[in-house]
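The following features are taken from TrEMBL:
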type     : residues : note
DOMAIN   : 6-161    : domain 'PPIase cyclophilin-type'
REGION   : 167-189  : region 'Disordered'
COMPBIAS : 177-187  : compositional bias 'Basic and acidic residues'
COILED   : 198-225  : coiled coil
């Protein structure tokens, strides 16, 4: 007894505990059959804890059981199935969400953590993920806001019933084919599930090159801060200070002093700590000249030669 969830990040297969949770599994299977879960957002992602979906409104406050479709609003929810007791011991455990009144509708969660015993007896375990744990891991790593809503939509596109042991209830409204989503249904106000996030799109080559240089400069400034040559990565160094990078391992401190003293008096010379030099070959020394022009000439002549 299993269902395939086709999500925007990949497929997940859920095996159902139909013998232990017959009412909950029937509800889930028949909601899948009427395509109730199509285009539902995964609206709650709490890393290494749970991911939650099954609400067509995408708010966490909506949803209804299959019994509402059959018997009206008075059957919007149904009572939880507590026996036999099944625990949230492993990743990939699937549970129907308790609405706070010991009842279930359509929302369900999948655990992304282990031994979540504080969920036991509250939410009803009715299945487990048997395929697609890598997809679940991708969902688990989604970037979310302070309310745990993903910045980029993650949706259930489609559900496929692989095995259903239950007969269809009379008057079950099964559609002839999967319905197309409405514009309102897909407009969450966030980054669309199919949108490619590329902050370089539409940028000219010169602009991209400039941005790359800015990133490299920022990285180098952080390294200089680490070795103590800059008090802060955002501080601009004096114009008469020259930083020497990517040194040849055979170049010594004395060599550097001799080479750069040709261009003018050196006011201050500093070599980084030996332990840092072992960890990074990006930096070697800082030379302080009396005049900015002396530093510029020495930098041009010494480029790729040290």
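Every residue, even glycine, has its Cβ placed from backbone N, Cα and C.
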Other parts of the chain folded back onto the region 'Disordered' (167-189), taken as Cβ under 8 Å at six or more residues beyond its ends: 30, 33-35, 38-39, 41, 56, 58, 66, 69-70, 153, 158
Averaged pLDDT score, the coiled coil (198-225): 61
